[in-house]
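Enquirer: Feature annotation from TrEMBL assigns transmembrane segment to B:241-264, B:285-315, B:340-361, B:389-406, B:412-439, B:460-481, B:684-709, B:730-763, B:783-802. Look at TrEMBL and you will find B:244-367, B:692-809 tagged as domain 'ABC3 transporter permease C-terminal'. Under the heading domain 'MacB-like periplasmic core', TrEMBL lists B:463-643.
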Amino acid sequence: MLVVEQLCKSFTTAQGTLPVLQGVDLRLARGSSLALMGESGSGKSTLLHLLAGLDRADSGRILIDDEPLDGRSEAALARWRRQGIGLVFQQYNLISSLDVAANLAFQARLAGRFEARWQDYLTRQLGLADLLQRYPEQLSGGQQQRVAIGRALAARPALLLADEPTGSLDEASSDQVLELMLQLVAEAGSSVLMVTHSQRLALRLEQRCLLQDGRVQDGAGR
Amino acid sequence: MSALLLTMQALLSHWRRHRVQGLSIITGLWLATALWTGVQALNSQARNDYARASAVVAGPAHAQLVAPGAQRFDQALYLQLRQLGWAVSPVVEGRLRFAAEQPLSVRLIGIEPLSLPPATNIAGIAAQDFDLQAFIGTPGQAWVGPDTLQQLGVKPGEQAVTSDGQVLPTLVLTPQLAPGIVIVDIGHAQALLHAEGQLSRLLLTDDSKPLPDAIAARLERQPGEDDTGLQRLTESFHLNLSALGLLAFVVGLFIAHAAIGLALEQRRGLIRTLRACGISLGTALSGLALELGVFALLGGLLGVATGYLLAAALLPDFAASLRGLYGASVAGHLTLSAEWWLIGVAVSVLGALLAGASSVLRAARLPLLALAQPQAWRLAQGPWLRRQAWLAGLLLLLALACYLWGNSLPTAFTLLAALLLASALLLPSVLDALLGGLARRCREPLTQWFVADSRQQLPAVSLALMALLLALAASVGVGSMTEGFRRTFTGWLDQRLAADLYVTPRDTAQALQVRDWLATQSAISTLLPSWRVELTLQGWPVQVQGIIDDPGYRSRWPLLELRAQAWEQLAGGTAVMLSEQLARRLGVQLGDRLQVLPAPAPGMTVVGLYADYGNPKGHVLVNADWLRRQRADAALSGISVNLPAEGIAPLKHELQARFALDDSRVVEQSTLKRWSTDVFSRTFAATAALNSLTLGVAGIALFISLLSLGQQRLGQLAPLWALGVRRGQLAWLSLGQTLMLSSLTVLLAIPLGVLLAWCLVAVVNVQAFGWRLPLYLFPRQLLQLALLGVLTSLLASAWPLWQLARRQPAELLRQFADET
C-alpha cells in the first residue's frame, strides 16, 4: 500500500520560491492502477520523483506498506529504487552503451531478481526478441519505450512509476504500449502510478486523480 | 546584421556555456606553441650565435688560405704573397683558458687591421673606423661581447688574466661580438698563444688568381666562411631537441583537436538549425574558420610569450651543455628577432588549422538531419578505426623501410615518428578490441555497464589517451636511453680515466720539461705522455692521439672490436685504432686501410674500434713515435700519471709550484670525472625538462577531455542513479573507468617506450652521434613511470569526479524531467 500524506515541495528560482506541491494526499492499494493527471507545471513529475526517492519532500509523508520513505539515507533510497519500484520515463532513458538484451536485464540483475523465464516472456510479449543485439539508438521511439517498460518490470517491482510513458508516441503506438504495460503489470503483480495528460489513456486505468494548484482534486485522494 | 555576423553570434554563444572547452582549445594551442617555440628559441639563439661567431670577420674576403689539416703555418708565406702583390690579410687563432669554477675557454682571434680589405667589418665595426693606435699599441685592445665579459667577471677597461698568468690587452665591450670570442691585434694574439711567427689563415679578396706553385704546395684555398664545423657538429644536438619540441607540439595539438571535435559534436544541432534557417554552408564554415582563427591568435600569443620564458629558463643548462660538449659559446640571454615572434604565432595558426581542419571538414559534410548521439558516434567510429588501423599499418611499413634502408638522421627520426604515430593511431582500435573482449566476459550488470560505457567513452577520450601514450612512451624511451647512457658513460669513464693525475702543460716545450721531471719521481708507477695533432679527415674534425706502448692501455682502453695482435701492430706503427663515431662517419671497418695523415705518410690498417662518448670530434689512436716521425708539429698535449693515493696531493702541489700550472692544468681523476658527469647531466637537463612538460601536457589533455565529458556524461549516469546506483558509487565507477583506460594505455606505453629506447640507442644515436649504446632496461624506472602515468590520469580525473560526486540530485533529475 502506498500512502501519501500532506506532501509539500517547492523550488527556489530566480523569481523566488515556487511552491509546486502544497499538501498532496494519495492512496494506492497493492495491485491497483492510478492515473495522475494535471496541466503542465502542476507538479505531476515532481510527485513521481518524490515517490521514486529521486528527490526529497519539504514536508509531509510517503508511506510504503506503512514504512516512511522520507528520512531514509541515500543508500536506502537507492535500494528502494533498485528493488521496490520500476521507473518508466517519457524520454526512455535507456543505457546507450548497452544493447537491448543488457538493458532489459539490467535492473533485475542489479536487484538480484533476474528470472530467465520471466525475462524471455517479457521479451516476447514486448516484441523485442529480434532486437536484442541492437543499441537503443537503433530503435524507434515505440521500441525504446517497450525496452524501458521491460526493464522496469523485469524485477517484478511492487510499484511501477510511469512518467508520461507514451508522451513521445503517436496515438496507435500509445495504445499498444499502454495495453502491453498494463497487461504485464498485472502479470507481475505490481501497482502502477502513471502520469499522463491524456484523458483517453487515463480511462484505461482503475483510478484517476487530478493534480491542480499543488493538491489532488478528486479521484483517489483521501 | 550580416549572415556571417549572425552565424558568429550563434556559434560563439556556445562558449558561454562551455567555458572549459574553450579554455581547453586555447590551452592546447598555447602549450603546443609554447613548447615548440621554446625549443626553436633555444636552437635559433644558438644558430645565431654560431653564425655571428663564424662571421666575425665579414666583408669582401671571399676565400681563405689555410695549411692542410688546419695547422698553423709560417708567417713567411704571408710575406711572400704580399711581395708578389697578393691582397691577403693574416689571422691567427687559438684558445685561451681562464681560471673559473669550471675552466673557461675562449676563442682568441688575432687580426691585422692594416691589411684588412677596405670594406671589411669586424663584429660590425668597419675597418676604417678602428682606433689603430689603441688597438695595435700597448697594452692594446681586446674586444669582447657582453656575455664573454660577464663570464670573465671583469669590466670594460680592465685586463683579464689567463690561467697561464698572461695578461690580455684592455677589454673593450663590443656589443655585436658573438659570445666566447676575443679579438686582438695579431701581434698580441701571437704572444698570447705562444705562436710567434705563425698564422692560422690568410683572408683572400681575389679568388680568381691561381696560387704560385711554391705557396700552393703548402697552403690550400678554402671557402671564405670561417666555418669551424660547429654547425655540423651541433646539428644532431639541435635536431634531437627539435624532435622533442615537435613531439610536445603534437601532444599539445591533441588537446586542441579533441576539444574542437567535441565542440563540433555538441553544435551539430546548432549548425543544422542555422542552415535550416537559410545560412549557407560557406557562411557557416567561414564562421567556424574565423572562430578557429581567434583561438589560434589567443593561443599563439600566449604560447609565444610562454615559449620565450621557457627558453630563458632552459638557456643556462642548454648553453652549458653546448659549451661542455662542443666548445660552442651561446649567449646567456635570449635576443630574438621580431620574425621569431611572428613565426611563433604562425605556428599556432598552423596548429589550429591542423587541429581543426578535420572538424571543419566534417561540418562541411554534415547531413542536415544528422543527430548527435553518443552510441552512433561510437558506431560511426568503426570505419574511422579501420581507416586509422590501415594508416597505422602503412606507417609501420614506412618505419620498417627506414630501419632497413635508412642511413641518415632524418630517416632515423622518420622511423621514430612513424612508429609513434602508428602506435597512437592503433591505440583506439586496440583499446576497443580489449574492451570488446572484456565485455564478452562480463555478466554482472554494473560490470557490463562499466566496460560498455568505457567503450562508448573511447571516441571522446581516445585523443587524450593517445597523447598520454605518446608522452609516456617518450618518457620511457628517453628515460631508458638517458639512464643507459649514464651507466655506460660512467663505466666508460672509469675505464678511460684510469690515471690518478692528468697534466695538461701550456705547450710542448713545457710538457717535455714536465715529463722529464716526472720521470725522476720515484713514487710514480706509470707515466703516459700523449701526443696530439688536430686535422680534418673527409671534412670531419679529428684528433690524432699518439700513445706509447704500455700494458695499461691493453687492459683499460674501452675497445668495442679489435683484431688479433692489435696492440702490437699499433705499437709497431703499422696500424691505427678509431673511435666508433669516426669509423661510422668515414665508413671504415676493421681491416680497412686508412690514410690518417696526408701523403707521403703511409696509410695504415684499422685494427681496433673504441667507444669515445661525448666527443663530437673524431678520435684516432696511433703510436706516439710514428706520429712524431710523421708530424714534427705534434704537440705533447697531456701526461697521465699513476701513483699511490697518498702521493697525489703532494705531487700536484709540487707540479703547480714548479711549473706555474693552475688547477685546470693539473687535474685529479675525481675532478675530471665530476666535470664530465656535470656536462652529461646538464646535457640531459633540457631533455628531461621537455619530457616532463610533455607528460604534463598529456595530463592536461586527459583532464580537459574528462572535464568536457563530465557534463555530457550526466545523461549516461542519471539513468543508473534512477535505477538505484548511488552517486558516490557512480563516481567510483567513473574513476575506475578512467583508471582502467589509462592503465591499459600505460601498459601499452611501456613496451612502446622500450621499443623507442631501442630505436634511440641503436638507430638515432648511431646516426646523430655515431655511437651505439647497449639497451638497458630499468624495471624500477619503468614502474615509476607507469605509476606516474596512472597518477597523472588520477589527478586529471580527480576534479571532474569530485564534481560528479557532489552533483545535486536536482541536476541529475533534469535529465528526466520535461516539466516540474
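Cβ atoms are placed via backbone N, Cα and C, with glycine included.
The structure displayed is predicted, hence computed values, not measured ones.
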Enquirer: Averaged over the whole of the domain 'ABC3 transporter permease C-terminal' (B:244-367), what is the pLDDT?
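Expert: Over the domain 'ABC3 transporter permease C-terminal' (B:244-367), the predicted model scores a mean pLDDT of 78.
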Enquirer: Take the transmembrane segment (B:412-439) and find every residue of the same chain, 6 or more past its ends, with a Cβ under 8 Å from one of its Cβ atoms.
Expert: 239, 243, 247, 381, 385-386, 388-389, 391-393, 395-396, 398-399, 402-403, 406, 448, 451-452, 454-455, 458-459, 462, 465-466, 469-470, 473-474, 741, 744-745, 748, 752, 755-756, 759-760, 763-764, 766-768
Enquirer: Please report, as numbers and ranges, the same-chain residues at least 6 past the borders of the transmembrane segment (B:340-361) whose CB is under 8 Å from any CB of it.
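Expert: Counting only partners 6 or more residues beyond its ends, the transmembrane segment (B:340-361) has Cβ contacts under 8 Å with 25, 28-29, 32-33, 36-37, 40-41, 44, 249, 252-253, 256-257, 260-261, 263-264, 285, 288-289, 292-293, 295-297, 299-301, 303-304, 307.
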Enquirer: In the domain 'ABC3 transporter permease C-terminal' (B:244-367), how many residues does DSSP assign to helix, to strand and to coil?
Expert: 105 helix, 0 strand, 19 coil
Enquirer: What does DSSP give as the helix, strand and coil breakdown of the domain 'ABC3 transporter permease C-terminal' (B:692-809)?
Expert: 101 helix, 0 strand, 17 coil
